Amino acid sequence: MAQEVIKIRGGQTLKGEVNNHGAKNSAVAIIPAAILAEDKVTIEGLPEISDVETLVSLLGDLNIKTELDGMTLNVDPNEIENAPLPNNKVESLRASYYMMGAMLGRFKKCVIGLPGGCPLGPRPIDQHIKGFKALGAKIDESSSTSMKIEADKLTGANIFLDIVSVGATINIMLAAVRAEGQTVIENAAKEPEVVDVANFLTSLGADIKGAGTSTIKINGVEHLHGSHHQVIPDRIEAGTYMCIAAACGEDITINNIIPTHVEPLTVKLKELGVDIQVGDDSAVIQRSTPYASVDIKTLVYPGFATDLQQPITPLLFMADGVSFVTETIYPARFRHVDELKNMGADISADNGTATIKPSKLTGAEVYASDLRAGACLIVAGLLAEGVTTIYNVKHIYRGYTNIVSTLKSLGADIWTEEV
């Protein structure tokens, strides 16, 4: 069967402007959250990615009228019906688990296929389940392919998360907004996307305090009305283009950013020696090698984002010494390492830390094992001498809007082929 590949002839200098899109990690939670509304909802600034399309079609399976026009989604839930959600859609998309919290909040029950998405090693949803149980839900996990969750009624509870989890924080919020009484989530995730989802729910009439801190308080309400919401800019997409600009850019401007959201990355790029000028909602970056070696450790927000650990790695081959990247969130998130070795990189990974030495990359055939590994291989391909062919590009399209045409507009020699 023919599949699409991305091909890159490296070594070009890129210049121009990039308009950053809405945050994938917000969008994939806000679309399911629209189920909780009892009237029409408009969501603007959505990224044009396959994950959004999959979620919109899942809403259709619940008899919700949807209209997706570019970056704007209109949702009319007036004739919503509860229905089991099929595996074939759910298994392609990790964030489909937000349908659990949203359907539990709306109907007090749901049957849903088990979530898929990027294979990053163990990412259990035990904290989500712990939260649902605390609110009064019973969970039937007897099937290997789906999960049944139901509650006679949902009652507010104090929930302490054993690990800081964006997914669990948001999912518990979704289930709790219409529960009876107060829910308190302790050790909550503080990511900007958590705040964005809380702001969306508040615009529907939810009573949520403390989003963006480690303690979130939710007072349940009986009804949620319609609203209009603009998704925040994507700090990971912006960060990926910042890494690309630092690798091979000459005066690249990235528009539609929130500087504080990308600060953990800009601090590291400046430590490398990258020339960055940050404005109110944009950044101008140019390559300024040779770079200094740096150590990077991924942490929950406001630390260095795990989703940018892979895209920044190719920059470290341009440093004048040994760099170390330690992954504390998903210690198995090093599937890009073998692919980079195929390109001639001097890199190894052991016990959650990658050791990266100065290297000259050459084009090769490589496989994108997950979304951000794919982004890493694009940065590497732009730096490499010769042609790089990236397979399994469906992962890349899950998180980056029109990345090939965007890079082309900056002067990259990049194209797609059917093979």
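Backbone N, Cα and C atoms are what each Cβ position is placed from, and that goes for glycine too.
Annotated in Swiss-Prot:
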- Lys24, Asn25: phosphoenolpyruvate binding site (BINDING)
- Arg94, Arg123, Pro124, Ile125, Asp126, Gln127, Asp307, Ile329: UDP-N-acetyl-alpha-D-glucosamine binding site (BINDING)
- Cys118: active site, proton donor (ACT_SITE)
- Cys118: 2-(S-cysteinyl)pyruvic acid O-phosphothioketal (MOD_RES)
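Taking every protein chain shown into account, Lys24, Arg94 are the binding-site residues, and of these the Cβ with the most other Cβ atoms within 10 Å belongs to Lys24. On the backbone, the CA of Gln127 (UDP-N-acetyl-alpha-D-glucosamine binding site) and the CA of Lys24 (phosphoenolpyruvate binding site) stand 22 Å apart.
Here the candidates are the recorded positions Cys118, Pro124, Asp307, Ile329, and by Cα distance the one nearest Lys24 (phosphoenolpyruvate binding site) turns out to be Asp307. Residue environment of Asn25 (phosphoenolpyruvate binding site) contains 27 other Cβ atoms, counted within 10 Å of its Cβ in all protein chains.
Of all the recorded positions in the record (Cys118, Pro124, Ile125, Asp307, Ile329), the one with the smallest CA separation from Asn25 (phosphoenolpyruvate binding site) is Asp307.
The secondary structure of Pro124 (UDP-N-acetyl-alpha-D-glucosamine binding site), as reduced to three states from DSSP, is coil rather than helix or strand. Note: Ile329 (UDP-N-acetyl-alpha-D-glucosamine binding site) has non-local neighbours Thr298, Leu299, Val300, Thr306, i.e. same-chain residues 6+ apart with C-beta under 8 A of its own C-beta.
Of the recorded residues, Pro124 (UDP-N-acetyl-alpha-D-glucosamine binding site) and Cys118 (active site, proton donor) place their C-alpha atoms 13 Å from one another. Here the residue listed as 'active site, proton donor' is positioned 7 angstrom away from Arg94 (UDP-N-acetyl-alpha-D-glucosamine binding site), judged by their C-alpha atoms. Annotation for the binding-site residues Asp126, Asp307: lowest Cβ count within 10 Å of the residue's own Cβ, Asp126. Each residue contributes its Cα atom, and for Ile125 (UDP-N-acetyl-alpha-D-glucosamine binding site) and the residue listed as 'active site, proton donor' these two points are 14 Å apart.
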